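Asker: Pasting the relevant annotations from Swiss-Prot:
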- 1-21: transmembrane segment (TRANSMEM)
- 28-48: transmembrane segment (TRANSMEM)
- 51-71: transmembrane segment (TRANSMEM)
- 83-103: transmembrane segment (TRANSMEM)
- 127-147: transmembrane segment (TRANSMEM)
- 154-174: transmembrane segment (TRANSMEM)
């Protein structure tokens with residue numbers, strides 16, 4: 001079942017946003033985005049490439065949200081281009097010499113991009129935008145390069161959707177872990193201050 005990881009990951013994210021997060025307008029927007037993305041995942045749009053509609057939704061919403069967050073500075077553009085190059089490199093290297101890969105190339109690309117994103121950006125929303133845009137544009141670059149060898153191919157199919165949704169959950173987990181670690185660190189500092197005052 002090719003779309004297994006995508007559907008389970010998106011349903012997991014939908015349950016988180018709908019039942020666990022605080023009731024805000026942003027929560028409603030994210031829930032609607034997830035459900036719409038799941039619905040669109042079975043449709044393809046024929047342009048220069050055959051584009052999956054859910055992939056296109058990720059790309060367009062990522063660009064819009066990047067503009068909303070003001071991510072048009074040189075630093076973000078360089079990080080974004082690095083992520084695109086990393087994604088395309090992993091896939092092209094896997095075609096050239098697949099022996100080096102212990103795991104599937106899509107998972108290697110996701111792990112690499114998640115690590116790069118988490119190491120250069122601390123804000124979770126900006127991490128998410130950088131990750132999604134890097135994955136989207138990287139897939140487009142890879143498809144453009146490989147079409148000369150393999151002919152026309154679908155961009156953003158379920159293989160890509162699986163990897164992208166799993167990467168978003170991984171980023172969410174890293175964000176929550178960092179938040180928890182900072183809270184524990186603050187509590188330990190307070191308890192140490194209290195102990196020194198008592199002594």
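In case you wondered, yes, glycine gets a Cβ from its N, Cα and C as well.
Buried or exposed, and what's around them? Tell me for each listed feature.
Answerer: Same-chain neighbours of the transmembrane segment (1-21): 27, 30-31, 34-35, 37-38, 41, 157-159, 161-166, 168-169, 172, counting only residues six or more beyond its ends whose CB sits under 8 Å from a CB of the stretch.
Long-range contacts of the transmembrane segment (51-71) within the same chain: residues 33, 36-38, 40-41, 43-45, 125-126, 129-130, 132-133, 135-137, 139, 154-158, 160-161, 164, each at least 6 residues beyond the stretch ends and with a Cβ under 8 Å from a Cβ of the stretch.
Within the chain, the transmembrane segment (127-147) has long-range Cβ neighbours (under 8 A, six or more residues past its boundaries) at 49, 55, 58-59, 62-63, 65-66, 69, 71, 76, 79-80, 82-88, 91-92, 95, 109-110, 113-114, 117-118, 121, 153, 155-156, 160, 163-164, 167-168, 171, 175.
Within the chain, the transmembrane segment (154-174) has long-range Cβ neighbours (under 8 A, six or more residues past its boundaries) at 2-6, 9-10, 12-13, 16, 41, 44, 49-52, 54-56, 58-59, 106-107, 109-111, 113-114, 117-118, 124, 127-128, 131-132, 135-136, 139-140, 143.
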Asker: Could you tell me what the rest of the chain brings near the transmembrane segment (83-103), counting residues at least six beyond its ends with Cβ under 8 Å?
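Answerer: Contacts of the transmembrane segment (83-103) (Cβ under 8 Å, skipping residues fewer than 6 from its ends): 109, 112-113, 116-117, 130-131, 133-135, 137-139, 141-142, 145-146.
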